[in-house]
Structure formats: structure tokens, C-alpha cells
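Student: Have a look at the structure that comes next, please.
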Amino acid sequence: MKCFSRYLPYLFRPPSTILSSTCHTEADIISTVEFNSSGELLATGDKGGRVVVFQREQESKSQPQRRGEYNVYSTFQSHEPEFDYLKSLEIEEKINKIKWLPQQNAAYFLLSTNDKTVKLWKISERDKRPEGYNLKDDDGRIRDPSTITSLRVPVLQPMDLMVEATARRVFSNAHTYHINSISVNSDLQTYISTDDLRVNLWNLEITDRSFNIVDIKPANMEELTEVITSAEFHPQQCNTFAYSSSKGSIRLCDMREAALCDKHCKYFEEPEDPSTRSFFSEIISSISDVKFSHNGRYLMTRDYLTVKVWDLQMENKPLETYQVHDYLRGKLCSLYENDCIFDKFECVWNGSDSVIMTGSYNNFFRMFDRNTKRDVTLEASRENSKPRAILKPRKVCVGGKRRKDEISVDSLDFSKKILHTTWHPHENIIAVAATNNLYIFQDKVN
Amino acid sequence: MAGADGDDSLYPIAVLIDELRNEDVQLRLNSIKKLSTIALALGVERTRTELLPFLTDTIYDEDEVLLALAEQLGNFTMLVGGPEYVHCLLPPLESLATVEETVVRDKAVESLRKISQEHSPVDLEVHFEPLVKRLASGDWFTSRTSACGLFSVCYPRVSSTVKAEIRQHFRTLCADDTPMVRRAAASKLGEFSKVLELDYLKSDIISLFTALASDEQDSVRLLAVEACVSIATLLPQEDLETLVMPTLRQAAEDKSWRVRYMVADKFSELQKAVGPEITKNDLVPAFQNLLKDCEAEVRAAAANKVKEFCENLPEDSREQIIMTHILPCVKELVSDTNQHVKSALASVIMGLSTILGKDNTIEHLLPLFLAQLKDECPEVRLNIISNLDCVNEVIGIRQLSQSLLPAIVELAEDAKWRVRLAIIEYMPLLAGQLGVEFFDEKLNTLCMAWLIDHVYAIREAATCNLMKLVEKFGAEWAQNTIVPKVLGMANDPNYLHRMTTLFCINALSEACGQDITTKQMLPVVLKMSTDQVANVRFNVAKSLQKIGPVLDSNALQTEVKPVLEKLATDTDMDVKYFAQEAISVLALA
């Protein structure tokens, strides 16, 4: 049997942690997953508006193999379903994105957003509580006021650790369309929230106003040909951000030049190959996610069938193009009919920008090594999860004879899709959201 | 100790202490606001040993409670036993200085600065300075940002070795990894420079200033501009050119519009700080560039400074600089594509006429004023009209009146009621400057038209305007021009207009005097008491109450009283209520 170390330098063990809810309802479907900047915490958001934060177990000498297990640290309801009475619109509670803020004191902060409202949450620990009342005795009985002859100042006593989540800020009423992404600036003072037609700039401390920096809404909505699908700030340059469009292009904007960034400074687009043009060309070229590499040199974009890496210095074509599931090219018609063609897959970089990961169908996810040009398909599943085993690579065969261990395109399950994944910022630990399950894999210990 | 006094005095304090941790935020807040009462009851010793340690650990609370706590502790010196023990307040303030909420942190720093003055020089070195050091080398940026605000208060009062340490800490924070700390350091750079010895200012601060002014983060660079003002003020003139100007020139041409905006916004301060010679050589061209900047926000900020900049130019060359360098740019701005730029300019441009004198104003500025009076944006026109007094002093308003009138009329009929409201507010001013004849001829009809505007706020402002006009032009003028028209509206089929008559009478009676009120207004009001609309009737009662003091007692008894008595038996309960109120206020019962 082939060992997958031939494909990638990283060996991922079967899920060290599978976190899933026992009753599988629509509300439990995970809609976003994100590591914080140290990788010690991992947050997921779901369709029911909940945020679950996992904390990595501290390393213990007695059980070295248990290092890196993630346990639930805090769970809270971030968004509630709402109704916009003016527009007669239901606002779903689904968490579209979570972004962590760098740690600023003993507490942790994250931004979570649904379609309309961004919230800043503080997750903090409390391990002391005050004891001693004047008007009650220690058993909680009310004392007769006339018996009070001296004053007691409460004293703080240790108690069991309690983790609290509190909404510190609510940024609302700035988006007419659905928010698809949020991104924190490297100045750690501002962030952007992006909907289908606009990008707004906020100060993290000010909730009553935001500045519109991109607006692509045409005067007449019938002339609308393109929407914004995602936007992200450059990791180091505070003035640069990129946004992707449904037409397959990416625009890079410089906030230094003008207060309004309607004019982009760079425009990345690959000319279409006329020979492959079809009815679906436009749909499958729509970009579902854009991510800067950690070093800020590259941009990665995901469209329906490929992942592309762009050099910021080269606008006319991508540096690298990786086929995620090219075998679906012949099935676009049925994917269109079951709406799968509109699925929004995300993509992530590993900590050193050398490997990229993105999802597919049938609970498969793909990794591409940019240096060796090798790639691998892995499956997020509970089966054959022998401890300390190595994840087996999977193969999809197209037509012809099916070899052992291969799976035919026609038997792929399109309802099992992996849209959201995240990679630990420094280590080879990945979290993969497969509908209501979260799989956390890490590379082989020792 | 208070304990000996018994229950009566202890009970309220006991409640306050227990409510320090009530579940209701409001109750906790109340308790914190009465912290001095609690401390007084506990006495200085228990405050130090029990209350303060408890408060030090209660940093989990809501922001508003923490904010109140931070503020209270700044005034606590006497309650812990005077300056000798003031250092006991440091631990709770230290923990408040590290919370994530900026307003709380800032308040804690403010209180720390306050109590630092109450430390003896020895205590400052033994207790306060170590706290500053702890904050400055804290793990989290929140504590390091707070430290930035504390250096300047302890620096002047410590020994030279400690001074050297403080300078070193400040240097470290200026090069901190997180932009927040560099921002905090940049914003305190000016303040810290002021307490530093000149030699260290030159050797230390200048290099820090230069580094911050070329930081990779826009938000840090723009704060360095502010520091530039204080540093330039402190340095001797001969050092400015080499130490400050390269950085300032660079900032004025920064790639980021936000930095250039900051330079434009601080231009007057910069100008004063660098003095006349550098202004002439450097700032004039820089200002020209800012007025021509490609970003509208920058142009608007610069346009706002045009008058101040020109005023502060050295007198010997002022006129020449304005005429050859500034005015050409201003001319371009008059036809700018952005309305914020135009309206910023319009709010200050009139001020140039006093600087340039009559002839230049007529020849160069007047065409600009006239162009702006015809601007498509109402705000621009309004800003010009609201500053007419400056021009009036120099060339008299007649020069403008030809263009003024159409501009006013257009604003008076603007579709936006807020614009109409704004122009109404300038009417008394305009009337005073244009004179009664011009007013009667051209503007009177406008003022009357506003009385029947369909927006209540306009009708209300219009009545108030009439009152001010009467105060200006006198009762006789009112009797001839305004009163007949106002009273005529009493027969209007629209009840809202009939009510406007009453509102006008309320406003005018005092200014018009007893004679006009009794002879002309009162009969109309009394007649309206039989109006079929109840709203009009109860406003009659309110009006009678209002104008009663102006009338003589005879009129009150024979004319007002019967009418009010009749209204007091009205079928409508509001009419009854206001009639009875009027009767009792006027003492007619």
C-alpha cells in the first residue's frame, strides 16, 4: 500500500478529536472555523448562531501523546434570529465568519458576524468570587438590621474556574446586503466588513459609524453584473486590501490614495480560454474565497474547480493553478440542477505558506504542496480511526476500470461537503468542518 | 470608629457595601459612586487594608462601573490617610490601567497622574516609578499603552538615574511590536518632550520622532504630526531646519492621505510653532499643495485653514503671499468638484476680506463670493450668507445685494426643510445689515410665506424670526407691516394657519407693547375662542395666559375673564384644562 508520505511531508493522524453534536439538525451545521493567532484556541460558528471555542490542552509530561487535544472552552449564543420589519426580511442567525483579534490582556477577543451584524466578543476567565455580606449571614439568611454592629468588607475567595463570554460591541445597521467576510487590519484599530456590493471600514471601538470604502452598486440595479464575494486585509501593509468578485477577478486597493477606494490599484484576472467556454463558465469562475499568504507576497483564490495562487507583482495570470476536483467538469449540469455549483468553498495556507488546503465533496479535502507539486486527497471520517494510524489518501477514478481503494465519480456523496477548514498558524494541526462534525487532525507525533 | 454609633448610621453603609456586588449594574454603579461614604465609615485603616484589596480584584465588572471606580480613586487621597499613604491607591489603579476598554484605562491613567502629584519625591521613586516600569514592561499592550501616559508626570520629580531609566523605557515603547503601543507613545511624545531637558530632547526625542514619523503604519505616522507641533515649539529656531523640517516636509507629502489630512488639520499650529521665516519658505508651498491635494478630505481640511493661515502670515509680506500664492488656489477651490471642500472654503473665505482690504476684496474676492452665492450646493450658499458680517465691515453689503437676493430666495424655497430652517435663522442678521427698506421691499414676503410652511419646525422658526425682527425694527414697523398680515390669517380656512396666528401673537405681544396688543391682537384672540376646532380653542386659552401680563387689569377683567370662564366649561377636556390653568395663573378666579 502506498504511504502518503510520498505525497506530502506531513502525516496526519486520524481525528484526535471529533466534535459533533449527537442530534443532527440544520442548526448544528458548522458554518465557519478559525484558529486564533497563537493556535491555542479554535472557534467554530454554526447555523444556529452559536460560537464554540476550543482550547488546546496544556502539554503534560505523563501523556505526551495527548498533547494538542482540543477541548471545549466556552460556548455561547452569538446571534439570534431577527426580523427586519421595515423590509419584511428574516435575518438568519447563521455565523458567516469569525475572526480573532490578537490577544491584548488576559481575555480573548473575537469578531463574529451573521448577514447583517458584526459583534465583538470577549471571552474571559473568573476564578474568584466575593464572600461575606452585611445584611445576610453566611447561610444566606437575612439578618435583622438592628443586630448589625460592625461593617464587613467582602473578601475574594477562590472558586471553580468560570469562562464567560460577553458581547463588548455590536456593529449594526451598516449593511443592506449580506455580509460575506470580515477582516482585521494590521493596525489592530480598524476592520472591514464586506457585503455583496460594499466594503465598510470600522474602528473597533466605535459602533455608531463606519466608512464606506468600496461601493460597486450601479445606479440602476438592472445593470448589476458582478458582486463582491470576499475581502481581506494585507497581513502587514495597513493600507492594502483585496476583494474578489463573482466574475473571477481580484482587485487590490490602496487606502492611502483616497478615502474612497472605488479605483483599484491592481487587477488580477486570467483571460478566459475560449475553447473551454460553456454555459457554466461564468458560474464556476466566481471566486468563493480570497486569502493573503502569511508573508504577504501572494494571494490565493478558490473558484469552483480550482485553487489559484497569484503573485502580487503579476496581474495577468496566476502563478500556480491547482485542480481541486477536475473530474466534476463533466457533471456540471447535474451540479447546477442540485445547486451544488453555487457552493462556496474556502481555502487556507499552512503556517509557512508552502501547503494549501481546500475542501471538496464526499467529505474529501485536498492539500497541495507548492514546492514538490504533489497533492493528496484525504477524507474526514470516523471510520478506520485506529489511534496513531496514518490517514489514507483517497482516489477518485473517472470512467474506465475502478481499481481497489478507488471511488467512482458517480458514487460521490454531494451532500457531504467540506466548505470550511483552518490550519494552525505554526504547527501542522488542521481543523475540518464536515456538516455538523469538526475533525481535528495533526501530524504524526515523533 | 463608626461601629460604636449603633445601627442607625451603620445600616445604610452596610447596604451600600453589599450592593457593591449586587446583580443589578445600576445598584453597583450607585454604590461605587458613593465609595467615599463607605470609605469614610470604614475609616482610613480599614479602607487601606480591606476595601482597597477588594477593589483591586473587582476588575471583572461592567465598563461603566470600572470607569466610575477609576474616577473615584483619583480623589481618594484623604480617605486613605493623606499623602503619606497615597501609594495604597496604586494597586487598584494599576489593574484598572490594564483592562481592554480604552475609556476605563484612560480614566485610570488620569487618576494616576492626579495622585502622582500627591506623592512625596521619595514615595514617587519607591512606589510610583516601579509601577510605571511594571506597566511599561507588561505582557499585554494594554498596560504598555497606559504606561506611555505616566512618564511625563514622574520624570521631572525623580533622580537622574531614574530619569535615564524612564527615557530608556520610553524609547523601548516607541519601537514596540504592536501598533497600539506605538500609537500611544506617538501621542504622548509631545507631552514627554515638554518635561525633558533640551539636550535629551535633541539627542533622544528627535530620533524617536523621526522613526515614528516614518513608521509603516499610517495610524502611527499621523500621530507624529501632532508631536511635531510641540517639539517645534520647544526647539530653538536655529535647530528647526535640521531637526524637524525634513520630517515635516515628508509628512506633508506622505503617500497616505490620512497623514496629509493631519498636516492640513494642524496647519495653523504648525505655522505658529515653526515661525515666520520657515512659514514663508516651506509652509506656503506645502499649503498650496494641500489645497490642490488629490483627496477631497485633505483639500477640505486645508480649505478650512485658509483664513487662519493668511491671518498668521508675517505682516510685511502677507498681502503679497496671499495674492500670488494662496488666492490662485482658492479660486480653483471655488469650483471644486466636491461640495464638502466648497462649503469648507465658503465658511472661511469671507474672512479674507478683512485681511486684504477694500480694493482687493472688490477686485478679487467679490467675484468669488458671487460665484459661491450661485453655487448648486445650498450649504455653500448658506455658509457665505452666514458670514456676511465680515464683508459688510469692509465693503458694505450693497455690493453683494444684487446676487444676495436670488440666493436667499432660492434657499428660502429649498426643498429640504433643514436648509429653509438654516436661512430663517440668518434672517434677523441679514435684516440688520440690509436695512429696513431693502427688507420690506424684498424679504418681507418670504418671512410671511414661512408662516404657512407645511413643516411645523419652519412655522415655529418663522414666528421666532418675526419676534427678532420686531425687536430690531420696532413696534411701529410691526404695526404697519407684520401685524395686519398675521391677524389676517385668523380667518384662514386651515386651522393650522389659524393656530400660527396665535403662536405669532404669543411671540410678538411683548415686543409690540401694551397698546398694540390690547387694541389689535386681543380682539382677534377673543374672537377665535369660538373656533370649531378644539386645538385652536385651547391655544386661545394658552395665548391669553401668555399675553395676560402685557394687558392692563381692566382688559383682563372685562374681556379676558368672561372668555376664559366660558372656555372653562367647554365640552373638550383639554380646552377646559388650559382655560382653568390660565385663570389660575392670571389670578382671575
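Cβ from N, Cα, C; glycine included.
According to TrEMBL, the domain 'Phosphatase 2A Regulatory Subunit A helical' annotation covers B:89-270. For B:12-50, B:89-127, B:166-204, B:205-243, B:244-282, B:283-320, B:326-364, B:365-403, B:404-442, B:482-520, B:521-559, B:560-589, the entry in TrEMBL reads repeat 'HEAT'.
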Student: To the repeat 'HEAT' (B:326-364), which of B:283-320, B:482-520, B:560-589 is linked by the most Cβ pairs under 8 Å?
Tutor: B:283-320
Student: Going along the chain, which residues at least six beyond the ends of the repeat 'HEAT' (B:482-520) come within the CB cut-off of under 8 Å?
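Tutor: Distant contacts of the repeat 'HEAT' (B:482-520): 448, 451-452, 459-460, 463-464, 466-467, 469-471, 475, 527-528, 531, 533, 535-536, 539-540, 542-543, 546-547, 550-552, 555.
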Student: Below 8 angstroms Cβ to Cβ, which residues of this chain, lying six or more residues outside the repeat 'HEAT' (B:365-403), approach it?
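Tutor: Same-chain residues near the repeat 'HEAT' (B:365-403) but 6 or more away: 330-331, 334-335, 339, 342-343, 345-354, 356-358, 410-411, 414, 416, 419, 422-423, 426, 429-430, 433-434, 438.
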Student: Under 8 Å between C-beta atoms and at least six residues away from its ends: which parts of the chain pack against the repeat 'HEAT' (B:283-320)?
Tutor: 249, 252-253, 257, 260-261, 263-265, 267-268, 270-272, 274, 276, 326, 329-330, 332-333, 336-338, 340-341, 344-345, 347-349, 351-352, 355-356, 360
Student: By a Cβ-Cβ criterion of under 8 Å, what residues six or more beyond either terminus of the repeat 'HEAT' (B:404-442) are in contact with it?
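Tutor: Same-chain contacts beyond the ends: 373-374, 378-379, 381-382, 384-386, 388-389, 392, 397, 449-450, 453, 455, 457-458, 461-462, 465, 468-469, 472-473, 477, 481.
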Student: So what pLDDT does the repeat 'HEAT' (B:365-403) average out to?
Tutor: 82
Student: Going by DSSP assignments with H, G and I as helix and E and B as strand, what are the residue counts for the repeat 'HEAT' (B:326-364)?
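Tutor: When I sort the residues of the repeat 'HEAT' (B:326-364) into the three classes, I find 33 helix, 0 strand, 6 coil.
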Student: According to DSSP, how is the repeat 'HEAT' (B:89-127) divided among helix, strand and coil residues?
Tutor: 30 helix, 0 strand, 9 coil
Student: List the helix, strand and coil residue totals of the repeat 'HEAT' (B:365-403) as derived from DSSP.
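Tutor: Split by secondary structure, the repeat 'HEAT' (B:365-403) comes out as 32 helix, 0 strand, 7 coil.
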